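Notes for the one structure printed next.
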Amino acid sequence: MSVLRRMMRVSNRSLLAFIFFFSLSSSCLYFIYVAPGIANTYLFMVQARGIMLRENVKTIGHMIRLYTNKNSTLNGTDYPEGNNSSDYLVQTTTYLPENFTYSPYLPCPEKLPYMRGFLNVNVSEVSFDEIHQLFSKDLDIEPGGHWRPKDCKPRWKVAVLIPFRNRHEHLPIFFLHLIPMLQKQRLEFAFYVIEQTGTQPFNRAMLFNVGFKEAMKDSVWDCVIFHDVDHLPENDRNYYGCGEMPRHFAAKLDKYMYILPYKEFFGGVSGLTVEQFRKINGFPNAFWGWGGEDDDLWNRVHYAGYNVTRPEGDLGKYKSIPHHHRGEVQFLGRYKLLRYSKERQYIDGLNNLIYRPKILVDRLYTNISVNLMPELAPIEDY
């Protein structure tokens with residue numbers, strides 16, 4: 001009888017353990033599905049700790065080798081014959097002096113004296129009334145946040161596109177930070193907030209396509225920045241102009257411990273010329289919910305023969321504005337779409353998009369409100 005009781009106790013414990021682990025795993029899977037962005041951040045933080053530990057071990061090993069090498073000093077300033085010192089020396093970048101004289105007939109330089117580098121990023125909430133009052137003193141800002149320098153010819157005319165839904169507390173912080181920085185960089189710019197209405201899952205990529213089309217109707221732009229509203233640059237030398245290749249500006253996010261999550265990461269803030277964006281047929285429209293659209297954009301860029309450039313060193317650091325909203329649910333169909341990126345590139349994008357926007361021009365930005373639905377971007381079989 002006592003043996004039977006012990007067996008029952010063991011059986012009950014096993015059952016309770018099974019129920020506990022089943023409940024725990026189910027809760028974890030549900031959390032990953034409904035809040036994939038947060039779950040992904042936590043996962044990468046754990047991975048980043050491992051990466052940092054391995055890098056520290058490598059650094060210690062390298063310092064020991066330098067110390068024991070007769071031809072090397074501890075700080076690495078003297079190198080063994082034939083060694084490539086470019087791995088150790090950082091090339092300095094010269095910026096123009098304070099007394100530099102601008103010319104309204106010449107292009108604005110890219111390395112201006114007012115670009116100091118590190119920015120003190122303040123993510124404290126501020127009201128739109130305060131922001132409007134602050135920038136009302138700048139009479140050069142036209143409706144829609146359109147600004148251009150007067151002391152030189154802007155090297156780039158930049159349309160900043162911001163996909164948006166229910167982040168009203170972020171917009172004032174964003175403008176408070178970005179407007180002065182872009183003015184320092186002597187770029188011509190304006191802001192377009194593309195707001196998704198309705199009940200469909202958030203479609204960041206389709207919003208960018210809508211914003212691009214409307215911005216092209218509004219003015220003559222040659223550079224487009226695709227910018228998440230909760231990402232703030234920490235360095236004003238991160239120049240928001242475009243180049244011969246597409247640019248990934250947000251290479252080091254604080255929420256990822258300032259480490260690039262993976263080589264093909266193209267999220268947060270990116271920039272393409274108008275010609276480049278049209279050549280790749282824009283973003284895909286088929287990604288509803290969280291994840292995948294940036295990876296598809298990376299594929300499109302490479303299929304079109306481009307490479308992606310990134311800022312050097314700490315220039316690509318960004319701070320994320322904290323938010324209290326539940327993130328979008330995970331888009332489980334993204335893996336199939338990514339598998340057929342090449343086949344879909346020229347049948348899903350700028351060329352198959354239908355929409356009806358409502359446009360409101362604010363003092364600091366143009367608001368493009370649109371109710372997105374899958375039938376607005378029909379896709380042929382591939």
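Heads up, the Cβ atoms here are built off N, Cα and C, so glycines get one too.
Here Swiss-Prot annotates a disulfide bond for Cys108; of Cys28, Cys152, the partner residue is Cys152. Per Swiss-Prot, the N-linked glycosylation site annotation among the candidates Asn12, Asn83 falls on Asn83. The disulfide entry in Swiss-Prot for Cys242 points, among Cys28, Cys223, to Cys223. In the record from Swiss-Prot, residues Gly292, Glu293, Asp294, Asp295 bind N-acetyl-D-glucosamine; the candidate from Arg310, Arg334, Arg339 listed for the same site is Arg334. Spread of the UDP-alpha-D-galactose binding residues is 27 Å (greatest Cα-Cα distance among Pro163, Phe164, Arg165, Asn166, Arg167, Phe202, Asn203, Arg204, Val229, Asp230, Tyr258, Trp290, His323, His324). Among the recorded positions listed here, namely Asn122, Cys152, Asn203, Val229, Asn203 has its C-alpha nearest to that of Gly292 (N-acetyl-D-glucosamine binding site). Among the binding-site residues listed (Arg165, Asp230, Asp295), Asp230 has its Cα nearest to the Cα of Asn122 (N-linked glycosylation site).
Among the record's N-acetyl-D-glucosamine binders, Gly292, Glu293, Asp294, Asp295, Arg334, no two C-alpha atoms are more than 11 Å apart, and one pair sits at exactly that spread.
Sequence-distant neighbours of Cys242 (disulfide bond) (same chain, 6+ apart, CB under 8 A from its CB) are Trp156, Val158, Asp222, Cys223, Val224, Gly271, Leu272, Thr273, Gln276. For the pair Asp295 (N-acetyl-D-glucosamine binding site) and Pro163 (UDP-alpha-D-galactose binding site), the Cα-Cα distance reads 17 Å. For the pair Arg165 (UDP-alpha-D-galactose binding site) and Asp294 (N-acetyl-D-glucosamine binding site), the Cα-Cα distance reads 18 Å.
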